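To start, the structure under review is shown below, and the notes come after it.
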Amino acid sequence: MLIQFSKMHGLGNDFVVVDGVTQKVFFNAETLKRLGDRHFGIGFDQLLLVEPPYDPDLDFHYRIFNADGSEVQQCGNGARCFARFVRLKGLTNKDRIAVSTVSGRIVLQLEDNDQVTVNMGVPEFEPAKIPFRALKAEKLYLLRVAEQTVMCGVVSMGNPHCVIEVPSVKDAPVETLGPKLESFDRFPERINVGFMEVVSASEINLRVYERGAGETLACGTGACAAVVVGIQQEKLKGRVKVNLPGGSLYISWNGPGSPVYMTGPAEHVFDGQIEL
């Protein structure tokens, strides 16, 4: 079966985006691994699938798959690319696009200059809903991982995140501590790990080790999680600039019960077709 796809990226976090509205597609884990291979396939951090809406009040359903074949609940950089894709392909003429994901609903707003603002929803701190094994919600947790003590904030942005403050992201133990925390037994569904350097109350540097993908050039939900944790711990406030290896995002959050807003770019690279 021949399928059409687009290659896109948000700050270097790269995606294969597939229209599942006008073409019939089905991906199993084996196919996803083959397509995700950067030497023998197309290569991507995630594959994004556009599906018809499950609810008449929504415009589309948004599914996200990692290159290891696993399906994930949320991807902020992918959401921005999703919004640009459905407009570029004529699947909608709206600037405000409401979609469902595995973890809930999000709203995408197309701005000028290829920027997209995403209402990422309300962050979840309740351990059982993250999921995270803890007696109660705390602003800061102490974890004993691989014979070292780690202080971190834990939150779900539709997917689970652990955020650690570091003196410098340049020297952060992303490749060593990242995978150990990702599979730590107190995170039953594994976790994304953010290493945050606070520059000022309105700016941070961030590196993210993503669950199922390793370190990526940018992680939208990771940026949201880091800002939420920083605001909760009174280290950040207002609109925060998040500097990632691939570029910068702007994150806003007004506190508990409020949604997180993320603004950043979405770039279309090329279109192609491949035999499944």
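Note: Cβ is positioned from N, Cα and C throughout, glycine not excepted.
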Candidate sharing the substrate site with N13, Q46, N66, G76, N77, N159, E210, R211, G220, T221 (per Swiss-Prot), from N93, N192, N243: N192
Maximum Cα-Cα separation in Å among residues N13, Q46, N66, G76, N77, N159, N192, E210, R211, G220, T221, which the record lists as binding substrate: 17
Substrate site shell beyond N13, Q46, N66, G76, N77, N159, N192, E210, R211, G220, T221, criterion: Cβ within 8 Å of Cβ centroid: D45, I64, V72, Q74, C75, G78, V208, A213, T216, C219, G222
Between N77 (substrate binding site) and C219 (active site, proton acceptor): CA-CA distance (Å): 6
